[in-house]
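Pulled from TrEMBL:
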- Asp67, Val70, Gly72, Asp74, Ser76, Glu88: Ca(2+) 1 binding site (BINDING)
- Pro163: substrate binding site (BINDING)
- Thr194, Asp240, Thr243, Asp248: Ca(2+) 2 binding site (BINDING)
- Cys35-Cys115: disulfide bond (DISULFID)
- Cys68-Cys73: disulfide bond (DISULFID)
- Cys121-Cys316: disulfide bond (DISULFID)
- Cys200-Cys225: disulfide bond (DISULFID)
- 1-24: signal peptide (SIGNAL)
- Arg62: site 'Transition state stabilizer' (SITE)
Amino acid sequence: MASFSSRLTISLVLFLLVLGCANAQLSTNFYYTSCPKLLSTVRSTMQSAISKETRMGASLLRLFFHDCFVNGCDGSILLDDTSSFTGEKNANPNRNSARGYEVIDSIKSAVEKVCPGVVSCADILAIAARDSVGILGGPTWDVKLGRRDARTASQSAANNAIPPPSSNLNQLISKFSAVGLSTKDMVALSGGHTIGQSRCTNFRARIYNESNIDTSFARTRQSSCPRTSGSGDNNLAPLDLQTPTTFDNYYFKNLVQKKGLLHSDQQLFNGGSTDSIVRGYSTNPSSFSSDFVTAMIKMGDISPLTGSKGEIRKNCRRIN
């Protein structure tokens with residue numbers, strides 16, 4: 001009887017352990033023993049990538065955002081299309097736009113050398129986004145880790161979940177709310193547009209057709225973005241006119257001056273419910289930094305795969 005009882009106890013303990021793994025939570029020290037060199041390895045590769053091309057920091061921050069908004073932060077955006085698999089890279093918000101995949105490949109390769117088969121691509125992307133912000137002068141934070149990689153992707157979900165640059169304020173609030181992010185989170189995360197560039201095709205309608213825009217700013221942007229669709233579509237302009245390669249609060253100062261590049265940017269300061277948040281961030285950079293960090297951590301918590309769900313990809317571009 002005692003032996004049956006002890007077997008029952010062991011079975012129960014094992015069941016609880018399995019259950020615990022299946023419902024595992026993200027934690028900042030997830031790889032503390034299994035991959036102690038992880039953070040320094042990612043950081044050095046990111047430093048190198050950004051020193052070669054400053055814009056890469058913004059590209060990787062955006063890649064993380066586009067990953068998390070589509071079925072959670074699961075590395076699904078990194079999967080290539082194949083003859084039998086349609087990924088998210090060619091969804092409307094990502095096609096000819098999302099970039100930095102090769103940098104994630106380089107980081108993964110470097111991480112595999114120090115701890116093979118341990119760290120997910122989803123976590124690498126989360127750390128790379130954090131490092132991008134810090135390297136370009138913004139705040140830093142402890143990234144929660146322990147995500148696993150998706151075995152699936154959804155082009156249709158990417159088309160529907162990621163807010164386009166033509167969005168109005170209600171649409172922005174709604175898209176962020178759908179993934180558990182508040183209006184304040186949305187405004188703070190939009191401040192990521194303090195770095196990076198956008199293509200003419202995304203802001204042409206704003207600089208030629210809209211009235212809530214500074215006229216000299218519109219003229220400046222028109223000089224490299226012709227009115228005719230199909231002409232100069234891929235010409236780039238900085239999202240932040242003042243300090244395009246520094247992570248700061250100038251994005252919000254620009255909005256107050258009606259110098260938002262995208263329609264969706266200026267919607268945040270256009271007589272609506274978010275004007276007061278924008279005005280606050282424009283005069284208080286530490287308030288913006290603090291709220292941005294809070295929102296990034298919250299975004300990183302969207303529907304992660306943990307425990308035994310998903311997998312740890314060997315190559316971020318394809319499932320094992």
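Yeah, the Cβs are placed from backbone N, Cα and C, and that goes for glycine too.
This view paints the features noted in TrEMBL onto the structure.
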residue : record                : Cβ contacts under 8 Å, 6 or more apart
Cys35   : disulfide bond        : Val111, Val114, Cys115, Val118, Val119
Cys68   : disulfide bond        : Val179, Met299, Gly300, Ile302
Val70   : Ca(2+) 1 binding site : Ser76, Ile77, Glu88, Ala153, Ser154, Ala157, Ala158, Ala161, Ile162
Gly72   : Ca(2+) 1 binding site : Ile302, Ser303, Pro304, Leu305
Asp74   : Ca(2+) 1 binding site : Asp67, Ala122, Arg147, Arg148, Asp149, Ala150, Ser303, Pro304, Leu305, Gly310
Cys121  : disulfide bond        : Gly75, Leu78, Ile104, Lys108, Asp149, Arg313, Cys316
Cys200  : disulfide bond        : Ser224, Cys225, Pro226, Gly232, Asp233, Asn234, Asn235, Leu236, Ala237
Asp240  : Ca(2+) 2 binding site : His193, Thr194, Ile195, Tyr250, Tyr251, Asn254
Thr243  : Ca(2+) 2 binding site : Thr194, Tyr250
Winner by Cβ contact number (other Cβ atoms within 10 Å) across the binding-site residues Glu88, Asp248:
Glu88
Fewest other Cβ atoms within 10 Å: which of the binding-site residues Ser76, Thr194 wins that one? Let me know.
Ser76
Given the disulfide-bonded residues Cys73, Cys115, which one has the fewest other C-beta atoms within 10 angstroms of its C-beta?
Cys115
Report the same-chain neighbours of Pro163 (substrate binding site): residues 6+ apart in sequence with Cβ closer than 8 Å to its Cβ, ordered by sequence.
Gln171, Leu172, Lys175, Phe176, Ser264
Using the Cβ centroid of Thr194, Asp240, Thr243, Asp248 as the reference point for the Ca(2+) 2 site, which residues of the same chain not in that list have Cβ within 8 Å?
Ile195, Gln242, Pro244, Thr246, Phe247, Asn249, Tyr250, Tyr251
Other than Asp67, Val70, Gly72, Asp74, Ser76, Glu88, which residues of the chain come within 8 Å of the Ca(2+) 1 site, judged by Cβ distance to the Cβ centroid of those residues?
His66, Cys68, Phe69, Asn71, Cys73, Gly75, Ile77, Ala150, Ala153, Ser154, Ala157, Ala158
How many Å separate the Cα atoms of Asp248 (Ca(2+) 2 binding site) and Cys73 (disulfide bond)?
25
Using a Cβ-Cβ cut-off under 8 angstroms and a sequence gap of six or more, which residues of the chain neighbour Arg62 (site 'Transition state stabilizer')?
Ala98, Gly192, Gly196
How many other Cβ atoms sit within 10 Å of the Cβ of Asp67 (Ca(2+) 1 binding site)?
30
For Cys316 (disulfide bond), list the number of other Cβ atoms lying within 10 Å of its Cβ atom.
22
